[in-house]
């Protein structure tokens with residue numbers, strides 16, 4: 001094989017996503033998932049040349065290590081050994097320490113672990129994945145790509161909370177933002193679509209999936225984003241509440257709720273699921289709405305209204321606007337949700353291109369609306385975070 005491939009690893013608390021990415025085309029030539037780690041039904045599946053294979057992972061512990069060990073044999077069996085030139089790890093939180101992709105060594109791994117207080121579900125798992133991969137692939141250079149890194153260009157006025165400064169200086173409480181790798185990728189692709197240098201381009205990127213966030217991008221740099229200290233703030237999401245009066249937390253604690261109950265509710269029982277009382281999945285919301293389900297209809301209305309509010313507010317962060325970018329599973333595929341968001345932004349002069357909007361789904365990109373008033377477009381750009389991780393890893397070789 002003459003192609004240069006990067007093995008991209010996204011290690012979660014009970015799962016492990018992986019893909020072998022062509023660093024030039026961005027194509028995933030192999031992709032897979034390990035899931036239910038720590039449970040008896042732990043398993044690992046992968047897709048190669050259209051064929052899906054699934055195996056059980058035995059034992060009750062060290063499933064990350066076992067899964068990555070199996071990756072060694074799998075890549076050898078499929079003939080990727082000579083083609084893989086690096087391993088790229090998706091790491092959720094880099095704090096203020098990591099502003100760009102870095103080559104992994106023991107010091108970097110310990111720094112990632114030290115940031116676990118900021119991302120207790122994600123960073124420890126990311127470090128476990130790193131240690132397992134370093135042991136399994138000792139000869140391959142490995143790199144860490146951080147979800148927060150793209151947002152480190154935010155000005156102080158955007159990332160500073162209106163709280164006692166000691167909370168920032170002593171505890172690091174500030175806006176960090178997430179989905180940075182996705183916002184970075186789609187903004188570069190959007191600049192190509194409108195034939196304008198990214199350094200001169202201004203976008204509002206709208207990543208809508210089970211997790212969702214908006215990012216204001218000025219001259220190619222993030223200048224504000226809706227997620228904050230944690231991924232809980234900002235937009236309404238699948239099970240997360242988004243922006244909420246913090247006084248509600250005190251109120252619930254006084255009502256006898258435990259801290260765990262409160263944060264479980266806000267993280268896992270809110271959003272689409274909480275408002276609809278039905279499901280966290282946007283597709284299920286739309287289906288139920290068509291059948292007249294009041295909760296689903298309200299969830300749809302709250303979600304689309306809040307997205308539109310954030311998009312409109314981020315005009316204040318930009319001198320001009322070239323485009324609104326829709327991406328993520330919902331943003332790329334849900335015609336009704338995109339249409340309603342644009343309808344809520346009619347004051348900005350956006351007129352839907354019906355054929356363009358209907359065509360920009362299921363992996364297709366395209367311009368879906370235009371505003372003569374702003375001289376701007378709305379567009380759909382499918383995200384490819386794995387491609388960014390592969391590219392940035394190869395660039396540091």
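Just so you know, the numbers here start at 1 and follow the chain as drawn.
Positions of Cβ are set from backbone N, Cα and C atoms, glycine also.
A coil conformation is recorded for residue 147 (active site, proton donor/acceptor) in the three-state DSSP classification, outside any helix or strand. The annotation active site, proton donor/acceptor is assigned in Swiss-Prot to 147 on the grounds of sequence analysis.
According to Swiss-Prot, the Mg(2+) binding site annotation covers 10, 385. Other C-beta atoms found within 10 angstroms of the C-beta of residue 10 (Mg(2+) binding site) number 23, with every protein chain shown included.
For 17, 207, 208, 209, 210, 211, 281, 282, 283, 329, 330, 331, 332, 333, the entry in Swiss-Prot reads ATP binding site, with the evidence type sequence analysis. For residue 330 (ATP binding site), other Cβ atoms within 10 Å of its Cβ number 26.
Counting only same-chain residues six or more apart in sequence, the Cβ atoms lying under 8 angstroms from the Cβ of residue 90 (substrate binding site) belong to 8, 9, 10, 11, 126, 145, 147, 181, 385, 389. What Swiss-Prot records for 90 is substrate binding site, and it gives sequence analysis as the kind of evidence.
Mapped onto three states, the DSSP output places residue 179 (site 'Transition state stabilizer') in coil. The site 'Transition state stabilizer' annotation in Swiss-Prot covers 179 (among others).
Residue 240 (site 'Transition state stabilizer') counts 27 other C-beta atoms within 10 Å of its own C-beta, drawing on all protein chains shown. Among the features that Swiss-Prot reports, site 'Transition state stabilizer' is placed at 240 (among others), with the record citing sequence analysis.
Within the set of recorded positions (147, 281, 332, 385), the lowest number of other Cβ atoms found within 10 Å of a Cβ is recorded at 281. Secondary structure at residue 283 (ATP binding site), taken from DSSP and collapsed to helix, strand or coil, is helix. Residue 17 (ATP binding site) has a Cβ environment of 17 other Cβ atoms inside 10 Å. Only 210, from the binding-site residues 208, 210, 281, place their Cα within 10 Å of the Cα belonging to residue 240 (site 'Transition state stabilizer').
Looking only at other Cβ atoms within 10 Å, the busiest spot among the binding-site residues 208, 210, 283 turns out to be 208.
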